[in-house]
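What follows is a short report on a single structure.
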Amino acid sequence: MIKRIGILTSGGDSPGMNAAIRAVTRVGINSGLEVFGIYNGYKGMTEGYIEPLTRDSVSQISNRGGTILGSARLPEFKDIAVREKAIKQLKKRGIEAVVVIGGDGSYRGALSLTEMGINCIGLPGTIDNDITCTDYTIGFYTALQTIVEAVDKLRDTSNSHHRCSIIEVMGNRCGDLALYAGITCGADIVITKDTGFNEADVLDRLRELDTIRKKKHAIVIISEKITDVDEFAKKVSLNTGFSGRATVLGHIQRGGSPCPFDRLIASQMGEKAVDLLMQGIGGQCVCIRENKIVSYPIEKALKMPSDSRKPLTNLFERLI
Ligand SMILES: Nc1ncnc2c1ncn2[C@@H]1O[C@H](COP(=O)(O)OP(=O)(O)O)[C@@H](O)[C@H]1O
Ligand SMILES: O=P(O)(O)OC[C@H]1O[C@](O)(COP(=O)(O)O)[C@@H](O)[C@@H]1O
Ligand SMILES: [Mg+2]
């Protein structure tokens, strides 16, 4: 049976990572393991920035956003020589297995380490909800809540000035934050990688909302990396009756106290990760699917097609 495990957070931070760190540490210690915090993701693993965690060192963190372990991106980790250096640091301390909290990139690192003899389990820590094997990632619902609060505020001022608010949200290449926000905020238009962006059609639709529907304001939610929203807002002002204003919500979406759902799934997933490692299992990632905590081989998980967003897209259309 293994005796020592490590835990790290990698890639973009997300609210709920701390609850996962707490769960892995407490469940690990209560199961007779020694748990080590690996700071700053794979960077800290390579540099040997590794310290023991105790029950006390993870108290009062579930309610805090970010990650107490710090996070980093280390592109060089794809290089086998860098991973060998990291494994040396783990072996020096007797660490036999690692829980990796991060996104798809971090999972690839976890799989490579497993193939080199260090069992790793991945937990989905990202606001983007872009890990297809899990219904929800840790941090998604908190980020959604932040977006909803922001859009509700923008609606107030937009409505007072006959404006069109164009709100850019994160998601990397995944449209979930935009689509879920569109439904829950009652947006008029949602633009994601899946809907595509036809500027002329969107301007037509806005003119219709102004002249036919007589709307006092319009809300457009758009995923990042689709178009320059400031330029688009200028075109809205020039070509429709609304005055266009763009708001890029940015990294505000990554911060804040995690909502109860994120704390809950982080705790459940942390528990599952420790149980898998204690059974000698590695190279898997933990997911929530249809309300059950399950795990899949990382290789298979990374190739899983995303569930269709058609029902939610249809719902959005039917709510307009
Ligand atoms: N193919 C890979 N092999 C090994 N490590 C990788 C690989 N891809 C990414 N990583 C490691 O995982 C880190 C986080 O990946 P990144 O894609 O930035 O974020 P996320 O895990 O949130 O998707 C990278 O900086 C790198 O250290
Ligand atoms: O913090 P950075 O480096 O500016 O990166 C921004 C990106 O990180 C995210 O916030 C989270 O992405 P990951 O969880 O995959 O790291 C994306 O939504 C966004 O595109
Ligand atoms: Mg990613």
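Glycine too: its Cβ is placed from the backbone N, Cα and C atoms.
Just so you know, TrEMBL annotations never went through curation; they're auto-generated.
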Out of GLY12, GLY16, GLY28, GLY171, which does TrEMBL tie to the same ATP site as ARG73, LEU74, GLY103, ASP104, GLY105, SER106?
GLY12
With ARG22, ALA23, VAL24, THR25, ARG26, GLY186, ALA187, ASP188, LYS215, LYS216, HIS217 listed by TrEMBL as ADP-binding, which of these, ARG4, ARG155, ARG173, ARG245, is given for the same site?
ARG155
Based on a Cβ-to-ligand 2 distance below 6 Å, what subset of the binding-site residues ARG26, SER106, ASN172, LYS216 would you report?
ASN172
Based on the record's binding annotation for substrate (THR126, ILE127, ASP128, ARG163, MET170, GLY171, ASN172, GLU224, ARG245, HIS251, ILE252, GLN253, ARG254), what whole-number value in Å is the widest Cα to Cα distance?
32
So among VAL24, ARG26, GLY103, GLY105, SER106, all listed as binding-site residues, which is physically nearest to ARG254 (substrate binding site)? Use the C-alpha atoms.
GLY103
Check: min Cα-Cα distance from THR126 (substrate binding site) over binding-site residues ARG22, ARG73, GLY103, ASP104 goes to GLY103
